[in-house]
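Q: Before we start, here is the structure in question, set down as structure tokens.
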Amino acid sequence: MRRAVCPGSFDPITNGHLDIIARASKLYDVVHVAVMINQSKKGLFEVDERIELIRQVTAEFGNVEVESFHGLLVDFCKQRDIPAIVKGLRAVSDFDYELQMAQMNIGLSGVETLFVPTNPTYSFLSSSLVKEVAAWGGDVSHLVPPAVLEALNGRLKQD
């Protein structure tokens with residue numbers, strides 16, 4: 001069985017993330033979406049909320065499993081016998097950083113990294129940008145799935 005992981009904080013998941021996960025789900029039998037837990041960073045959504053949103057928006061793929069992780073991604077991969085990490089690249093700056101991580105990961109554990117170029121429609125997109133635009137009342141409906149838009153608008157009204 002071919003397995004891969006798509007890691008990230010997904011705070012919140014965007015259409016760019018979803019595009020990479022969808023494309024990975026066509027290449028692998030099982031795609032694990034690993035939601036990073038970063039104790040030093042307070043997210044807009046709790047980890048459990050992010051997991052639930054990702055499960056909702058990836059349900060149609062049928063081969064995506066979503067869970068959280070804390071620590072080294074290669075340890076997550078080793079514990080689950082996952083030989084590949086799938087990463088989307090938006091720009092050259094992403095490549096510079098991700099190449100270093102990929103080289104470290106293969107050196108630590110033999111886990112390969114597959115770089116997938118982002119759909120040009122989403123080349124500028126990040127969760128941080130979505131949160132900032134939405135917080136100022138901008139329309140982000142074309143940048144996130146409907147379930148995420150609803151959760152995002154609800155959360156921003158609370159704050």
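Each residue, glycine too, has its Cβ placed from N, Cα and C.
According to Swiss-Prot, the record shows the following:
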BINDING   Ser9, Lys41, Leu73, Lys87  substrate binding site
BINDING   Ser9, Phe10, His17, Gly88, Leu89, Arg90, Glu98, Tyr122, Ser123, Phe124, Leu125, Ser126, Ser127, Ser128  ATP binding site
SITE      His17  site 'Transition state stabilizer'
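How buried are the listed features, and what sits near them?
A: In the three-state DSSP scheme, Lys41 (substrate binding site) is classed as coil.
Neighbours of Leu125 (ATP binding site), defined as other CB atoms within 10 A of its CB across all chains, total 22. Taken residue by residue with DSSP, Leu125 (ATP binding site) is part of neither helix nor strand, so it is coil.
Residues within less than 8 Å, Cβ to Cβ, of His17 (ATP binding site) and separated from it by at least 6 positions along the same chain comprise Cys6, Gly8, Phe10, Gly88, Ser127.
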Q: Return the residues near Ser123 (ATP binding site), defined as same-chain residues 6+ apart in sequence whose C-beta is under 8 angstroms from its C-beta, sorted by sequence, else 'none'.
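A: Once residues fewer than 6 apart are set aside, Ser123 (ATP binding site) is near Arg90, Ala91.
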Q: Where's the emptiest Cβ shell within 10 Å among the binding-site residues Ser9, Lys41, Lys87, Leu89, Ser127?
A: Lys41
Q: With every protein chain in view, what's the tally of Cβ atoms within 10 Å of the Cβ of Glu98 (ATP binding site), excluding that atom itself?
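A: Other Cβ atoms found within 10 Å: 17.
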Q: How far is it from Leu125 (ATP binding site) to Leu73 (substrate binding site), counting Cα to Cα, in Å?
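A: Computed Cα spacing between Leu125 (ATP binding site) and Leu73 (substrate binding site) is 23 Å.
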Q: Find the longest CA to CA distance in the recorded substrate-binding set Ser9, Lys41, Leu73, Lys87; express it in Å as a whole number.
A: 21
